[in-house]
Amino acid sequence: MEDIFVVYCSDSPEGRCRFHQHRHWKARFRMSAILRELLRVSEKAANIARACRQQEALFQLLIEEKKEGEKNKKFAVDFKTLADVLVQEVIKQNMENKFPGLGKNILGEESNEFTNDLGEKIILRLCPTEEETVELLSKVLNGNKLASEALAKVVHQDVTFTDPTLDSIEISIPQDILGIWVDPIDSTYQYIKGSADIKSNQGIFPSGLQCVTILIGVYDLQTGVPLMGVINQPFVSQDLNTLRWKGQCYWGLSYMDTNIHSLQRLDSTRKNSEARSQMTENTSSEAERSHPFSAVISTSEKDTIKAALSRVCGERIFRAAGAGYKSLCVVQGLVDIYIFSEDTTFKWDSCAAHAILRAMGGGMVDLRECLQRNSEMGLDLPQLVYHVENEGAAGVDRWANKGGLIAYRSRKQLETFLSLLIQNLAPVDTCT
């Protein structure tokens, strides 16, 4: 109906104006309402992730993934993939139900289509009733009714999530400019392995369930700029009596002149602390000033980057699993920088944290372009964008962060860090 209306009004500027006003009136939403729903569905997704580890019928399926040759004989799908897809579809369909038309702009890593050896296809969608979801899941899980019922129950369980800070957000946004990237379960290896007894190093977990995150990032379809982000960490602390896990959720919004995030109060305390540190900086020893930065990296980081970082950060280099978790370490202020020189992170890995960091005054940039950039020419930092495919790439590589990335909280800190990094890098292309 809207397309017909556009053609009909195309000869009349006044008519066009009326149409656009009408369309935007219909399709504008309060950003607080969208963000509140994103938080709610992320918590529902976290409940599914926790249920798959805590409910016996589901846990048995999950640990089977550690064994070779025991995948479902009927449908070519492992349970980890099913959990991923289910989380993704819950997010997608809950958002579509609340904001009609938004679902088509929600993209993720997983396909929701399963095929068996007979060529039969099942498209996994969230059914209207729990009973229908049980029936659909039973087909994918080769008739395992116990697991299907346990999974359907948590999928249809209602979740409430409130954050009073959201009430202060008054701005609205046209719905038709919003795209959403979803990573349903980031760090799936740690999720399946399920280590619960890993000790942190200065608050940073090198591995374990704490490294698992659910990532939802909202971006502008026209500019690719990240606008809203939600990072849900389902496994933060475990009750040693019940063995049940509690999680934590982080969010941020950056749109026009509005920048707000869930760590606002903690951030102001931290800034006061940083100001006090700045006042005493001149009294610090030369050794303390020589390594002013901390960084989190992947265990697979290149030797050239690690060598340069050791000269810039000294011993303040931490290794951790999961792109989402490493980005979260920067959001939390546990480290100054997350740097990764490979091209194996994707838009769904980075969009959520990028939006939160933007709300904090930071961001996420292309590492390769930063190393090639001449800062003296006043060139803008090459921020990652989320709306354009990589030219000539196929499959998931279309959405890879091809030049690597750096996540940061402060532009001033980033500029200083980059200057030191470039000085300490061997004269080779670090991102080939």
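Cβ atoms are placed via backbone N, Cα and C, with glycine included.
Keep in mind that TrEMBL annotations are predicted by a computer and have not been checked by a curator.
Counted within 10 Å of its Cβ, the other Cβ atoms near Glu109 (Mg(2+) binding site) come to 20, all protein chains included. The feature Mg(2+) binding site is assigned by TrEMBL to Glu109, Asp183, Ile185, Asp186, Asp349.
According to TrEMBL, the compositional bias 'Polar residues' annotation covers 275-285.
The region 'Disordered' annotation in TrEMBL covers 267-292.
Cβ proximity to the Mg(2+) site centre (mean Cβ of Glu109, Asp183, Ile185, Asp186, Asp349, cutoff 8 Å) flags the following additional same-chain residues: Asp84, Gly108, Val182, Pro184, Ser187, Thr188, Thr213, Ile214, Leu215, Ala323, Gly324, Phe346, Trp348.
Between the binding-site residues Asp183, Asp186, Asp183 has the most other Cβ atoms inside 10 Å of its own Cβ, all protein chains included. Residue density at Ile185 (Mg(2+) binding site): 29 other Cβ atoms are found within 10 A of its Cβ, drawing on all protein chains shown.
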